[in-house]
Structures are given as structure tokens and as C-alpha cells.
Amino acid sequence: MERNLKNVLVISFGFLFLFTAYGGLQSLQSSLNSEEGLGVASLSVLYAALILSSMFLPPILIKKLGCKWTIAISMCCYIAFSLGNFYASWYTLIPTSVILGLGGAPLWSAKCTYLTIAGTSYAEKAGKNAKDIINQYFGVFFLVFQSSGIWGNLISSLILSQSSTKVEISEEDLECCGAYNCLTDSTNTTESAKPSSSLIYTLLGVYTASGVLAVLLIIIFLDQIKSDQAETEKEKLEKPSFWSTFLATFQHLKDKRQCLLIPLTMYSGFEQGFLSGDYTKAYVTCALGIQYVGYVMICFAAVNSLCSLLFGKISQFTGRKLLFALATVTNTACIIALLLWKPHPKQLAVFFVFPALWGLSDAVWQTQTNGLYGILFEKHKEAAFANYRLWESLGFVIAFGYSTKLQVYIKLYILLSVLVLSVVMYGAVECIEAKSSPGTPTAMKKENGGALTQETHM
């Protein structure tokens with residue numbers, strides 16, 4: 001096997017093992033650690049730390065440690081979060097969430113840098129176009145990586161379904177599920193249906209082992225990039241000072257189009273935060289039990305992955321406006337339906353319809369918004385995508401931050417309001433573009449959208 005391709009596969013499977021653990025654990029946080037909202041508070045802190053990490057840490061660590069050891073050490077930050085869940089409390093989970101958030105940005109930056117250098121190196125030897133090889137490497141990576149959401153949630157569901165204490169949820173308790181949930185009563189219901197400590201420890205043990213396996217895979221099998229190969233990349237990292245990079249992110253807000261896209265970018269964080277933090281707890285765990293959370297999130301991950309691939313291919317024929325319209329209508333219908341629906345175990349199929357439709361919409365928000373940034377801000381991509389990560393992460397922070405303070409129906413109204421505002425402002429951006437450059441193609445740089453989409457998912 002060609003050496004560079006071997007390294008790409010090592011990174012891909014390393015990320016697969018790591019995010020099999022983290023993805024499954026993130027979906028369970030609001031249900032597993034529901035006391036005083038500890039689970040969602042930890043996720044809010046995590047994404048806040050990620051914002052700070054994105055601005056300062058990646059260039060420093062990659063320059064000092066190189067890509068291989070930056071990836072390995074950053075992966076250890078994710079393992080720390082798994083360990084913090086063994087004895088979940090404010091004194092263990094919040095610090096480990098900060099550690100994970102700080103490690104998230106260097107992990108993804110080092111991965112992108114490694115794949116780029118590896119692709120360029122191979123292209124020079126083979127006499128091929130570097131851009132084509134790099135795109136192939138990213139394609140291989142995401143082909144492997146995107147299945148992590150399925151495996152992580154499948155593991156949680158299979159383990160938690162072994163619980164011998166099947167709790168029958170009374171009709172009275174079911175009244176506390178859904179949009180108009182009773183905050184205190186639903187918490188009690190969630191607690192009574194919580195699996196035994198032994199099952200939870202088994203699950204966390206499997207997740208921790210998966211993370212350790214990822215680190216060992218990187219340390220043992222991933223080749224360190226030679227200093228002469230990385231020199232060009234290091235020079236790029238050294239040229240702008242950290243403060244100039246930091247200021248460039250905010251100077252980019254002078255562009256009116258960037259300001260108009262802030263609500264749309266934040267909405268991506270809001271809607272993902274609602275599904276993993278509120279839908280899983282107030283609908284699935286409340287009415288069915290925590291063992292169904294994994295199966296529901298598998299449905300979301302599978303549809304999201306398939307639609308991301310589909311929309312990436314058909315956008316050149318349909319244009320982005322039609323896809324944005326599809327996502328808007330689908331998401332709006334879901335929000336209204338969730339406001340009206342009273343979840344009941346007899347309606348099992350409905351619990352999977354919502355995440356499937358949500359996955360379809362999210363595929364549009366991720367691929368097309370990333371692609372839109374690549375097209376609009378082609379000359380300032382670094383500052384533009386820094387803004388993308390900043391505002392989407394802020395959306396996560398806010399969504400998880402108010403998760404335990406507001407009832408679900410209020411959060412749905414907030415979600416709907418942000419969606420309407422996002423679409424209106426996105427429409428204004430399209431009008432500006434139509435006036436300034438009527439010939440702009442609608443399908444460019446899809447690879448940018450694809451490669452960066454998962455970074456914002458942590």
C-alpha cells in the first residue's frame with residue numbers, strides 16, 4: 001500500500017474510534033447527567049472552550065509538536081472527558097469539558113494540515129494535480145469518519161437495552177413529555193428510568209477503550225511528517241501573528257454579507273443543540289427510555305450522511321437556493337409538529353421520523369452554508385471560516401446554556417424565530433450577490449464545505 005494512503009487510513013480509523021466514543025457520549029449527556037442540568041452545562045462549557053481554542057492553540061501546537069503528536073495529545077483530551085463521566089459531578093465533568101474543548105481545534109487543524117501535506121507530497125512524486133489528490137484523501141477520511149455517529153449510538157443502545165429494570169412510564173408521567181414538559185417531573189421520570197451503574201460503567205469503559213485504541217493507532221502506525229515536508233506549512237503558520245489572525249476574524253465582520261450570515265451560522269448550532277440536548281431528553285428518554293436515544297440518533301446520522309452526499313452532487317443542478325428552501329420548509333414543519341405532538345410509546349415510528357427529517361435539513365445547513373462561505377469569501381477563506389466556527393460554536397453554547405432554564409416549547413419558538421431571521425437575512429445576501437455579480441456560479445468548492453462541515457461537529 002502506498003505510504004501516504006496508509007497514513008490517511010490510520011488517521012481516518014483513529015478519528016472513527018475516537019468519535020465513536022465522543023459522539024455516543026454527547027447524545028446521552030442530557031439524559032445520562034440530567035441532575036441540575038449537568039450534562040448540557042458541560043456541553044455548553046465544551047463549545048465555549050472550543051471557541052477560545054480555535055483562535056489561539058492550533059498554530060502553536062502544530063509548530064511545536066508536529067501534526068502526529070498534536071493529534072495524539074488532542075485525542076487524550078477526549079479520553080479525559082470519557083473518564084470524567086465515570087464520576088460525573090460539577091467538579092469532574094466541567095474541567096474535563098474544558099480540556100476536551102481546548103483539544104478539539106488543534107485536533108482538527110492538525111488533521112487537515114497532515115492530509116494536505118500528505119496529498120501534496122504524493123502529487124509531487126506521482127506528477128499529479130495536488131488539489132485532486134488532497135480532495136481524494138479528504139474523501140477517504142470522511143467516508144470512514146462519518147460512520148462514527150452510527151457505531152457510537154449503536155453501542156450505547158445495545159448496552160443500555162440490557163437493563164433488567166424496565167420502567168413502565170405511566171400516562172401521568174407521559175403528560176410531562178414533549179414541548180410542554182414539566183421540568184421537575186420529567187427529571188424525576190428520567191432518573192427513575194436511568195440504567196444501573198454497572199451498565200453505565202460498562203458503556204463508559206467501552207467508550208474509553210475506543211478512545212485509547214485511537215491514540216495507540218496514531219502513536220504506533222502514523223508516520224511523523226518530515227521536517228522538510230512540513231516546513232512550508234510551518235512558514236504559513238508563522239507568517240501572521242496570533243493577534244493579527246485574531247483581529248482578522250473580527251475585521252471580516254466589516255463585510256456586510258458576513259454580518260447577514262451570522263444568524264444562519266448560529267442556527268446551525270441551535271438546531272443541532274436542540275436535537276442532541278432537548279429532543280433526546282424531553283421526547284425520547286422521557287417517553288421511551290434512555291436505551292432508545294442511540295437508535296434515534298443513528299437514524300439522524302444515517303440520513304444526514306446520505307443526504308450530505310446527495311445534496312453535494314445535486315446542488316450543481318438545483319442551485320443552493322432550492323436546497324435552502326427545502327431545509328427551511330422541512331425544519332419549520334418539524335418545529336410546528338413538535339409543538340403539537342404528545343409523545344407516546346405506541347407511536348414508536350414517529351420518534352424516528354423527526355430525526356430523519358432533521359438529518360435531511362441539517363445536511364443542507366452544513367454542506368450548503370460551508371459551500372456558501374467558500375464562494376462568497378474566496379479571497380478571505382481563513383477569516384471567513386474562522387467566523388463560521390465562532391458563530392456556530394456560539395449557537396451551541398447558547399442552545400446548551402439555556403437548555404435547563406426554559407421549557408421545550410419556548411426553545412422551539414426561539415428556534416423558529418432564529419430560522420425565520422436566518423432565511424430573511426440569507427435572502428438579503430442572495431440579493432446583494434445578484435446585484436454585484438449576477439454570473440456567480442452556485443456550485444463551487446463543495447470540497448471546502450465537505451471538509452469543514454465535520455470540524456464544526458467537533
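Every residue, even glycine, has its Cβ placed from backbone N, Cα and C.
Per TrEMBL, the features are:
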type	residues	note
TRANSMEM	39-57	transmembrane segment
TRANSMEM	69-88	transmembrane segment
TRANSMEM	94-117	transmembrane segment
TRANSMEM	137-160	transmembrane segment
TRANSMEM	199-222	transmembrane segment
TRANSMEM	289-311	transmembrane segment
TRANSMEM	323-341	transmembrane segment
TRANSMEM	347-365	transmembrane segment
TRANSMEM	410-429	transmembrane segment
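For the transmembrane segment (289-311), the neighbouring stretch richest in Cβ pairs under 8 Å, chosen from 39-57, 94-117, 323-341, 347-365, 410-429, is 347-365. Counting residues 6+ beyond its ends, the transmembrane segment (39-57) has Cβ neighbours under 8 Å at 26, 28-33, 81, 88, 93-94, 96-106, 242, 245-246, 249, 269, 273, 276-277, 386, 389-390, 393-394, 396-397, 400-401, 403-404, 458 in the same chain.
With pairs at least 6 apart in sequence, the transmembrane segment (199-222) and the transmembrane segment (137-160) have 3 or more Cβ pairs within the 8 Å limit; the two touch. Only sequence-distant pairs (6 or more apart) were considered; of these, at least three Cβ pairs between the transmembrane segment (410-429) and the transmembrane segment (323-341) are under 8 A, so the stretches are in contact. Remote same-chain partners of the transmembrane segment (323-341), defined as residues 6 or more beyond its termini with a Cβ less than 8 Å from a stretch Cβ, comprise 178-179, 271, 279, 283, 311, 315, 350, 354, 357-358, 360-361, 364-365, 368, 408-409, 412-413, 415-416, 419, 423, 426.
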